[in-house]
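The structure appears below as C-alpha cells.
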Amino acid sequence: MASSNSVPVVLVISLVISCFVIAFGGNFHQDFDITWGDGRGKILDNGQLLTLSLDKASGSGFQSKNEYLFGKIDMQLKLVPGNSAGTVTAYYLSSQGSTHDEIDFEFLGNLSGDPYILHTNVFSQGKGDREQQFYLWFDPTADFHTYSILWNPQRIIFSVDGTPIREFKNAESLGVAYPKNQPMRIYSSLWNADDWATRGGLVKTDWNEAPFTASYRNFNANACVSSSSSCTSSSSNSWLNEELDSTSQERLKWVQKNYMIYNYCSDSKRFSQGVPPECAINTSA
C-alpha cells in the first residue's frame, strides 16, 4: 500500500494519458448491455430510453460496454413510483475482485408518501464503510433527474441536477487508498432488498404493486476509456482537474445541512476508536 500511495498526482495524471477521452451521447444500444432479468430490462425508443423492472421472480440490471478510468458520468433516472418499500435502484461505477473500487448511488424505496433515501458510498481497494445518506428536495418518481459522478485524481463529487451533495477527496497523504488505478464499468440494477432497505427491513415489499419499474435516459460520459490512447488535460477534459468553486461549496453545505440524514464521519458510536482518517478533509456542514 505504501508504494502505490506514494505516487504523486502528476504521475497519476501521466498514467491517465494512456486512456482515450470520449463523450457519449446516450444511445443505450451502443453504450450498454442488459445483463440479467430475463427480459425485464428493455431498451426502447431507438436506444433513447432504458427501463428496468422487478417482480417477485426477479429484478434486472445492465452494465456499460466500456470501462472508464476517471471521467464525468451523467444519467437521468426516474425512480419506482408509489409504494416502493423494499426495493433498491442501484447506479454505480465498479471494478471487479476482492480489492475492487466502487462509487455508489443507491436509491432506497419507501412507502407511498415517505421520501426515498439516497445512499452513497465509496470503496477503495475493497474497503467501503463510507456511507452518507440524503433525502432529496423533490419527488424523484415524478420526473427524470440527473445524477452525476465526477471522478478525477483529486476528488469524487456526487451531484444531483448539477447540485453537489458529496465530495470525497483523495486522502492518500493520510494513508487512505483512493480509486485511481482500476478501470470501472457503469452498472445499474433494480432488485428486492426488503431484508434491510426500508426501515432496517421492517417494511417488506408489497408484491401486489409489482412490477416495479425505473427508467433511464440521457446518458453522457466525458471520460477516459481504458482501451486506447491520448487522454489529456485539455479544455474539453477540464473535469480532470475540476474542483468545487465557492458557489458549489455553498450549495454542498446547503444540501448537507438540510438533507443529509447519515454521515459515517459523525458516527462516533460506530467508530468508537475514532472516525476514519479521511474524515479530517471530507468534513460536512
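Every residue, even glycine, has its Cβ placed from backbone N, Cα and C.
What TrEMBL says about this protein:
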- 6-26: transmembrane segment (TRANSMEM)
- 22-216: domain 'GH16' (DOMAIN)
- GLU102: active site, nucleophile (ACT_SITE)
- GLU106: active site, nucleophile (ACT_SITE)
- ASN110: N-linked glycosylation site (CARBOHYD)
All chains considered, the count of other Cβ atoms within 10 Å of the Cβ of ASN110 (N-linked glycosylation site) is 20
Rounding to whole Å, the Cα atoms of the residue listed as 'N-linked glycosylation site' and GLU102 (active site, nucleophile) are apart by 25
GLU106 (active site, nucleophile), Cβ-centred 10 Å count of other Cβ atoms over all protein chains shown, is 19
Students should find that the Cβ of GLU102 (active site, nucleophile) has, within 10 Å, a number of other Cβ atoms equal to 18
Mean pLDDT across the domain 'GH16' (22-216) comes out at 95
